[in-house]
Structures are given as C-alpha cells and as structure tokens.
Number of protein chains: 2
Amino acid sequence: MAGGKAHPVSPLAPEGLPALPAIAGIELGAIEAGVRYKGRTDLMMMRFAAGTTVAGVFTTSKCASAPVDWCRSILDKGNARALVVNSGNANAFTGKAGAAAAKTVAVAAAKLVGCKADAVFMASTGVIGEVLPAEKVTAALPRLATTLKPERWDEAARAIMTTDTFPKAATRKTEIDGKPVTIVGIAKGSGMIAPDMATMLSFVATDATIPADVLQALLAKATDKSFNSITVDGDTSTSDTLLAFATGKGATHKPVAKLADSHFRNFRAAFEDLLIELAQLVAKDGEGAQKFVTITVTGAQSAKAARTIALSIANSPLVKTAIAGADANWGRIVMAVGKAGEKADRDKITIKMGGRLVAEKGAVHPRHDEAAATEHFKSRDIRIEVDVGIGKGEATVWTCDLTHGYIDINADYRS
Amino acid sequence: MAGGKAHPVSPLAPEGLPALPAIAGIELGAIEAGVRYKGRTDLMMMRFAAGTTVAGVFTTSKCASAPVDWCRSILDKGNARALVVNSGNANAFTGKAGAAAAKTVAVAAAKLVGCKADAVFMASTGVIGEVLPAEKVTAALPRLATTLKPERWDEAARAIMTTDTFPKAATRKTEIDGKPVTIVGIAKGSGMIAPDMATMLSFVATDATIPADVLQALLAKATDKSFNSITVDGDTSTSDTLLAFATGKGATHKPVAKLADSHFRNFRAAFEDLLIELAQLVAKDGEGAQKFVTITVTGAQSAKAARTIALSIANSPLVKTAIAGADANWGRIVMAVGKAGEKADRDKITIKMGGRLVAEKGAVHPRHDEAAATEHFKSRDIRIEVDVGIGKGEATVWTCDLTHGYIDINADYRS
C-alpha cells in the first residue's frame, strides 16, 4: 500500500467473510499500532490457553526473515501461549538488529500473557530491509492485550492484510470420535507489500486436543495439498509462515496418538479442506488476478512429478498471459509440460480445457473445437487437465492469470 | 505475427546489422515460400562444401519438435551439406505426420544439393500443433537452391525472424596458428511466434577446419556462457536449436586436435565472444523489453550455483517488474537469492546496483543512496551484482525487464 494506491477488489473475491465462530481457549484482537500504515489496524494478537500445542511450516527461502528465524527456534517446544503479527514491516534482511527487535516483541508479549518468551510466536509482513520498529509494537501491545476477545477473527483477518484486496478466512465444524470440534483459519495472500514482496501468512486454530507432533505431521501433509499447490508468480517470500494451534479446550474426546488414527480421519479431511480453501482464496487475490485457474495433472511418474509439471504450467508467463487474453493456446501448455524436467512422452500427452479434449497422442485432437475452448477461456474459472500418460501420479494446483494489473501493481515506484 | 500486429522495434536494438563477410564453403539465401506469413521471406537455406563438420545444442524440452528430433538423429555423423530453416510453423507436437514432413524436406534438399538426407539439418519456428506444410517448402526449395550466394547473410538473418523486432547477427575475425579465420553467426530471439512460443534459433559458421567432436565440445562450453545465460521469461521452447558449422575452406592452418590446443585458444575466445553477443541481442529483443539487464553473481559455492542464483534473479517477475518501474528494490533481489535453493548465508550477502553498494552483511548499507540507485534503474542498461560471500563461484546472465509490452504481445488473441 506504499504510495497509497488502492487496487480494486479482485473479481474472484467471495461475497464476504464467512461467520467465524469462537474457538475455546483463544482470545484475539487487532489494533492500529502505526508500524507503517495509517488509518487501519496493523497489529494482531492471539492469546492461547495453557496447554495449547503448535505446529509450523515456513518459507524455504535461504534468506528467511527474523520472525521466521524466531519461530523456528522455539517450534520444537511445541507450546504456544501467544501470537503477535504485524503488517507494514517484514523485519527481513535486517541482520542482528532485526533479530533483537523480534526478541523485544516476544519478551513484551510474554510479560503481558504471563509466559516465557519461547511460547510467543510471531510473523511480520511488509517492506523488507528495515528493522521492525519494536517500540511501536510494544507500546501498542498492552492496550491490545486488554481487549482480546474470542470472537474477533474478522478483525484479525483484516489486520494482517497488506495489498490483499479482501480478507481471507475459512471455518469447519467436524468431529473427533463423535465429539464436535471447530477449526478456524485466516490468511493473507500474495498481494505484494507494494512494492516489496509477496508474503503468505496463515494461522489456523482448533479447540481439539492434538499433540504437537501429530499437529506438525498433519500440517506438513496438508500444506503440500494446499499452500504448496498454489502459485501466483513463482516468487517465494522471505516471510511465509503457516502456524496451527490446538487449544484442547473444546469437548473432551478420545486422545489422538498419531496421524493415522481412524477416529482422526474426519478431522484430518476437514483440516486439509480448510487449508485448500484458504490457499485458493490466496490465488484468487493474486496481483491483477482476473481468472482463477485449476490445473490437474494425472498420469505422471509420481505425485511429486505431477505437481512439478502442474506448477510448471501454473508458473509459465506464457500460459498465464494466454489465459489473460482468453487465448486457448494449448501449445503453451505442451511447452510448459516439456520444460518441467519430469518424465513425459510427447506422443502420449492428453490435454483438456474446460473438460473438452484438445490434444492427444502428441497432436491436436481431430474434433478439437477451438471456439468452445476460447469461450471457456473467457470465463472466470479456467480448468486445464493434462494426462501425461506414463504413470499414476496426480496433483492439482491453483493459480491466476497474468495481467496488466500485475505489472501496474509491481512496477510502481515505491515512494 | 499472427493477427498482423507489428510491435515497435526494441529500444535496445543496435543501429543495424554489422557487415557480414562471406564464409568460404558456404552459400546461402532466403525466399518467400508462404508457409504462413505473406509478403516476407520465410525459408532460408545454406549449402555447405563437402567436408563441413557440424555441432549442435538443442532444447531440453521433453516435448521437442520434429525438426529437433531429426537433427538429433543425424548429429553423430558430424557432417553437414545443407541447412533448411522455415519460420511460420514450428512443426512441433505434430506426431508422426510432423516427423514425415521433416523427412520430406530433408530428402528434397538432399536431392538438390547432391547428398544424403542425413547431411541435411533443419529448424522450424512458428505456431505449434500444425504439421509443417512440407509441399510449400519443397515447392520453393529448387528456386531457392539456384540463387544461393556466399554474401547473403543479411537475408538469412531476416528470414528466420518471427516476432523479433530486429535481425540479429555478429561476426569475428580471428586466427588459428596465425592463419586468418572468420566466424559469422545469426540468431532469432525470444520474440514469440505470436502467440505460440518463444524459440531461440542460432546458426554459426566458420571457414576454419575443426573436427566435429572438437566443434561439439566448443559449442557446448560456449553455450553455457551465452545462450544458457540469457532468459526472458523462463519459458523453454520445444524448438530451440543452435548449430555450428566449420567448412574447412579458409586458409590452411595447423590441425586442431582438441579443445585445449593452445593454438586454438584465440579462436575459442572469439567464438565464445560471438555467441555472447548473439545471446545478448536475443535478450535485448525480449518481448516488451525496455531495459537490458546484466546480473553478475560472485562468491557462490560453485559456478553452477552462481548461475542458478543469477537466473533466479533474472527470472523473478518481481525483480523484472521492479526494473520496469525504475524501483531500485533490492529486497526483491534478496528474495530471489533466497528462493534459488543454492547455499547462501543471508548475513554475508552483498548487493550492488550500477556499481554502488546497496546492502551488505544481511542489511542495508549505511550509506545506501536510494536516489542514485533509482537513477541507475531509469537507464537502459541495468547492472546488478550480488556477492554471496561463501565461495568462489561466478556467473553472469543477461535479461530484460517485464513490461506491459510483454502482456500486450502475449495476451493477444491468436486469430
């Protein structure tokens, strides 16, 4: 939002936030701390009941931000009592001063909550290369801590936005061993911290009782099918953070000992489904996005190979601009399959657009209907299916088109 | 050029083609065969003297075109008597019919030249998914074959263009063992075959006497430092083809037995230099290019790691749009280093823009002059240097910015 330019709400945005229920054991809220933005909330805090477990997945960047380093260093304790998230400043590439700023925030939050600093998780998103002004955060935290309430998820979802054009949240009611449990998640997407970088943050919480190691395994698996299966431009933030919290303050249920427990199956499915919904919301708010694109690859050598091929298609500027231009250009899809580096046999590839056969056995299909394919490419919801024809690996990824809006957003002057 | 839209000549184009000398043992020319385009030459042929050696480097795509398959199948013979190149149709993803069309062209050219078909090399660039209309090529070849002359390099460079906005050629005079030798090369670039795909074709010829295996080793090494060190959008064509020919019809020189021969050193340097010039011309004609960007990475774990990091920067849409917007946004460079996957230590990275220190030791440099950096980013010739600080690996790559012009060119309807 540097420069004060507001971008129009994505045409792919849902009509509004769903009703977000309270999670027993969690109180949260947001406040205007003035880290960088004016006139909007930019500091979010969650307080967790004693006994809350935590799991985390972070950016693969070799240049991770100070908050990511902090979270990684305390994750193996498996307990969380607070989460502090600011927007406006990513505290990334800020050296020792940045690490000190992160610690200052953790210590201040711990004091307010009455826990050790190593139970305080955090995330920062915004410009990089500037040390987080920790004093603005620590000055605002006491006021924020006195106003935390269980039902303030909406505010939390808004406070972590940067150039997101809409807030993102999802919820599921499910059960463990017949006892009701609730999950709520919020995310911020790949709107750029104009003009710094895309950062994906997401925080998911449940009132179920889940040991930290099971929660970690659950989160890692579900991430592959959700946040690791979306892409806007192939760029990776220094700050990507996904944290899951389980308070254990809901209905008492049969203990969960491992991910494969049969009575945990429904929860696992609901959790994964929620993460996929959040991930899709992020893709729908990609910079300049006008179309939502689902790419399914089947018949690859392995599931991993299928995802690599699907991401190669999803990240190809040529495929993304063809979609923007409603050009049902299957040649570019062949190109993207070919460059993925995974095993493929040109003469066994099948391509469908909007469910219709376009090409098979290494050539255009004799009944390919280009007009119908073009009509599909004019819609908001593009479906591309590729069968590689050599194995059983499958994967689905989601992305958006590449439009003038992306250039507008990212080629702006920072000032 | 589908749709008939002409794009303005790149502001990075040189003033004109250099004077391109004849190469003893080569006659060439171009003609309008009407493969797809109207009112311009689209078929180019070279005839080589008996004894001409050949080397080739091709696309890494798993979905290579029929002409690429053809060249690969005959390359190990090491001899070339003819080269036939058409624009307008890539003969890619065309199955058995495409392979048959390629062979038809080779047989026809062989008959005209008086050689076997396995001494006829070829390349096709243009729309994919349509079988090459071989009859249009074979109908035009006899006329073309009677008009071949040694000094028609200019016409050849123009005939292989697709959406290139300027023809590309380079030449060097050098020596082997004190005897004069000449090299001429032409290339077509990453203008798209609107709206199919970028294809890089380049043909380089010399009158020196070079065994095929030495020529192949020379070409492979030089490709890494030239065509494998440029990028426009990270997409890989099904048709990329780089061929080198050595006629042995120039001044008699001491035989070349291996790449490391000391009397071959100057030739090797000149050859590499010429390939770099051609590769840079291709980057300067990237779709929508307004700025030429040189990215040098030093201090990486290996030369390969340095190139991976440099290409990660060069392919980042966020870096490329920042350059387009004259936003000296070094945070995006850190991001691209971080996502490259190569060993890096955030706290040892140094970044320069236009020769000035911007960041070092994991943080912005205290005397970073943002105004000066912005001024540099407004120029046509952007220089970014990154020292990773952990090893001795070095690499330089070249690219262009990502502008609205790229979207215009690639989001057009095909019709």
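Here, residue 1 is simply the first one shown, and the rest follow in order.
For all residues, glycine too, the Cβ spot is worked out from N, Cα and C.
A TrEMBL annotation is a machine prediction, not a hand-curated record.
Marked as substrate binding site by TrEMBL: A:THR162, A:LYS188, A:THR199, A:GLU287, A:ASN410, A:SER415.
Residues or ranges marked as active site, nucleophile by TrEMBL: A:THR199.
According to DSSP, A:THR162 (substrate binding site) sits in a coil region rather than a helix or strand. For the binding-site residues A:THR162, A:ASN410, the greatest number of Cβ atoms within 10 Å around a candidate Cβ is found at A:ASN410. Candidate binding-site residues A:THR162, A:LYS188, A:GLU287, A:ASN410 yield A:ASN410 as lying near chain B, with Cβ-Cβ distance under 8 angstroms. Counting every protein chain shown, the Cβ of A:GLU287 (substrate binding site) has 28 other Cβ atoms within 10 Å.
The DSSP secondary structure for A:GLU287 (substrate binding site) is coil.
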